[in-house]
Amino acid sequence: MGNERSAAVFDSAHSRKPSPPGENTPLLGGGLPRSSQAKTFANVFISIVGAGVLGLPYAFKRTGWATSLIMLFSVAAVTYYCMMLLVYTRRKIVADGSSEVNSFGDLGFSVCGSFGRAIVDILIILAQTGFCVGYLVFIGNTLSNLFNSSTMALRSDFLEASPKILYILGCLPFQLGLNSIKTLTHLAPLSIFADVVDLGAMGVVMVEDISVISKRRPPVEAFGGLSVFFYGMGVAAYSFEGIAMILPLESEMKNRDQFGKILGLSMAFIAALYGGFGVLGYFAFGQETNDVITSNMGPGLLSAIVKLGLCINLFFTMPLMMNPAYEIIERRFSRGRYCFWLRWLLVVMATLMAIWVPNFTDFLSLIGSGLCCSLGFVVPAFFHLLVFKDEMGWKGWCLDLLIVVSGTVLGVAGTVSAVEQMYFAN
């Protein structure tokens, strides 16, 4: 989830043009500062790691810890490969003298024209909105868990709505105001705050997990069976979703020849971090692991601070998350000019969707399967195949086609599995 925050800040700083943009105008401008290898490593980390990691222990419970580890490292490897496919495709297009390519949408336009840009734009809009839906679900569930068992509890029979729904609806007027801000200059520092809170929460949770494991060892399962395979793959794909920021990050690196190495190290580190976090959470609470691991933390001041901090973090991060979608929609329907009613429409839609989502991690699987697989696997391999079709041998053709077909199957089957789990499972 961190990539959307970075994309929002990056786009806000570089994508606004004095004149109305055209279809072939690059979404991101040039003249970017050059980053060192260490800064690029940090930027990749920030672009990928987000609050979605808090749902990993529950996914480990559903799929088994060994299965989840295999899935995480496999998805990390394939995601890295597909990210590099985008880099190679962009380099090929630029070397051939085509127009400047600075973003995923620009690449889609260069490869497939207006249709290619439209596909990428639609997927990004749906993904960004879906991430914000997950934020609202997290806030609603967390606040319900935090306050509804106390004397400060909201009455669940108010308007026959559950406490979770009341909390989500309570965010709506404030989000309409926050998302009406034309420039994100004053909100951009929240990106740093968000990442600090995320990492702090992960550290506190892991320490709590170790403390619990030292006192008890609940039974755990290594393998969950084939019935939950697609569910787990969806969560894993969501966890590593960050491909939309790869081209901008590669563009601003000083030594681009080292980008692949730095990206690989970053992905390996993140995969190890995810694996450790998921294993510790599941080993600590076993079958009692909740969809958001912070819900398993016992009562106390530190636990309350962590939960409230995450809610505040996600609440103020939502405008940053939605900004890439606003950039695209205003570009297409408002000639690049600010339009508050289009923004309000997306916020209202996200709020209504959040009311109908019962489980945070199940929704991560849905977004991961339906959208992240398309953006992260299918589209990069398809673009690479179209650009390099005359230069690749049969092995290259087979590998790209395998990724396209596998990503499509994973996306469809994972979406069905997530929907069944969300609304039809006992």
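Each position is counted from 1, following the chain as shown.
Any Cβ shown, glycine's included, is placed from N, Cα and C.
In TrEMBL, annotation is done automatically, which means it is predicted and not curated.
According to TrEMBL:
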type: REGION; residues: 1-29; note: region 'Disordered'
type: DOMAIN; residues: 35-416; note: domain 'Amino acid transporter transmembrane'
type: TRANSMEM; residues: 41-60; note: transmembrane segment
type: TRANSMEM; residues: 66-88; note: transmembrane segment
type: TRANSMEM; residues: 118-138; note: transmembrane segment
type: TRANSMEM; residues: 228-250; note: transmembrane segment
type: TRANSMEM; residues: 262-285; note: transmembrane segment
type: TRANSMEM; residues: 305-326; note: transmembrane segment
type: TRANSMEM; residues: 338-357; note: transmembrane segment
type: TRANSMEM; residues: 363-387; note: transmembrane segment
type: TRANSMEM; residues: 399-419; note: transmembrane segment
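Listed stretches 262-285, 338-357, 363-387 were compared with the transmembrane segment (66-88); the greatest number of C-beta pairs under 8 angstroms is found for 262-285. Through the fold, the transmembrane segment (228-250) approaches residues 1-4, 6-7, 10, 28, 32, 35, 40, 43-44, 47-48, 52-53, 55-56, 59, 62-63, 67-68, 71-72, 74-76, 79, 82-83, 86-87, 90, 101-104, 106-107, 124, 127, 256, 259, 263, 267, 270-271, 274, 324, 361-362, 364-369, 372-373, 375-377, 380, 410, 413-418, 421 of its own chain, all at least 6 residues removed from its boundaries and within a Cβ separation under 8 Å.
Sequence-distant contacts of the transmembrane segment (399-419) (same chain, at least 6 residues past either end, Cβ-Cβ under 8 Å): 78, 81-82, 85, 228, 230-231, 233-234, 237, 362-363, 365-366, 368-370, 373-374, 376-378, 381-382, 384-385, 392. Against the transmembrane segment (262-285), stretch 41-60 has more CB pairs under 8 A than any other of 41-60, 118-138, 305-326, 363-387. Remote same-chain residues near the transmembrane segment (363-387) are listed as 52, 55, 59, 78-79, 82-83, 85-86, 88-89, 92-93, 104, 107-108, 111-112, 116, 119-120, 123-124, 126-127, 130-131, 133-134, 137, 230-241, 243-244, 357, 397, 400-401, 403-404, 406-408, 410-415, 417-419, 421-422 (criterion: CB distance under 8 Å, separation of at least six residues from the stretch ends). Counting Cβ pairs under 8 Å to the transmembrane segment (338-357), the top-ranked stretch among 41-60, 118-138, 305-326 is 118-138.
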